[in-house]
Amino acid sequence: MDAQSSAKVNSRKRRKEVPGPNGATEEDGIPSKVQRCAVGLRQPAPFSDEIEVDFSKPYVRVTMEEACRGTPCERPVRVYADGIFDLFHSGHARALMQAKNLFPNTYLIVGVCSDELTHNFKGFTVMNENERYDAVQHCRYVDEVVRNAPWTLTPEFLAEHRIDFVAHDDIPYSSAGSDDVYKHIKEAGMFAPTQRTEGISTSDIITRIVRDYDVYARRNLQRGYTAKELNVSFINEKKYHLQERVDKVKKKVKDVEEKSKEFVQKVEEKSIDLIQKWEEKSREFIGSFLEMFGPEGALKHMLKEGKGRMLQAISPKQSPSSSPTHERSPSPSFRWPFSGKTSPSSSPASLSRCKAVTCDISEDEED
């Protein structure tokens, strides 16, 4: 049994494991099943300045080997991840998920930079700092949020928050006059790399909005926003309204075209059905006509039968046995009407002559 089972396992097709959207592996593109769990976080992650910290215990950083083994058991590994988190999207959530799952027992601290630092070093944001704090607070992987996080991490900040490792993608982040703001963290052995999610970023989202600015401006005008709120001039407002009407007319024309195409298609289908039915009926009619009036049709047989009956009625055939002529044929003792008396016993010569004459008369009557 063991040999058979091992042979079956070896003969199976090797399935490719691909990371799924939920971080689990997928087999041949099919998401792996997970057990349904109704337990979830009911409160947002607290801010760091709202948590009481026991500074009486000394801060001893955990090494990478100990963190991977899940030790020490008395406390989790404290991992720090920072960012701007403007227009919080799935790329941010995936990065925080990776940071949370770096070690078996992880406590994730997320630092969010303020508007002042962000505007000075990176540029203007769509969301203000309070909105960005709130967005990160409600991410399920976050255990603690640090407001007004520093742009460059200092030893004092790391010691204050008792940070063991810093999680970020390993692409050099040049800013604030430095080629890589995480260079000293990497040199200290505290850097834990994560993978960036391709195809999604705050800059990409803003690019989409700017690229289709007219579409979104018309959309918001249609939903009740004023031109002043959208910072749209009077001329552009009228232009957008006109474009909206033109689009409605185009949509109606397109609907009419589609309906007309459907109608024409239905008519064509009906006409094809009618033609097929007409062909079938015409074949049946021609077949029945030929059966009745063709060379070997029923009508010809009827005429032949009628003609035969008429001829039989006009001149019926007489059978030789029932012919009246045969019944009236004279016997050998035929008497001539002009002979008055019966002659006495005739001679043999006269009798033979009478027989010959009688036979000739009988043959003439039959003819």
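Glycine too: its Cβ is placed from the backbone N, Cα and C atoms.
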CTP binding, same site as Ile84, Phe85, Lys122, His168, Asp169, Tyr173, Gln195, Arg196, Thr197, Ile200 - Swiss-Prot member from His92, His161: His92
From the candidates Ser260, Ser333, Ser339, the one which Swiss-Prot records as phosphoserine: Ser333
Residue carrying phosphoserine as stated in Swiss-Prot, selected out of Ser11, Ser321: Ser321
Phosphoserine: annotated position in Swiss-Prot, out of Ser56, Ser90, Ser114, Ser352: Ser352
Within the predicted model, mean pLDDT of the repeat '3' (343-348): 50
Secondary structure at His168 (CTP binding site), reduced by DSSP to three states: strand
Other parts of the chain folded back onto the region 'Amphipathic' (298-315), taken as Cβ under 8 Å at six or more residues beyond its ends: 291-292
Neighbourhood of Tyr173 (CTP binding site) by C-beta distance under 8 A, where only residues 6 or more apart in the same chain count: Asp180, Val181, Tyr182
Neighbourhood of Ile84 (CTP binding site) by C-beta distance under 8 A, where only residues 6 or more apart in the same chain count: Val112, Cys113, Thr118, Lys122, Thr125, Arg132, Thr202
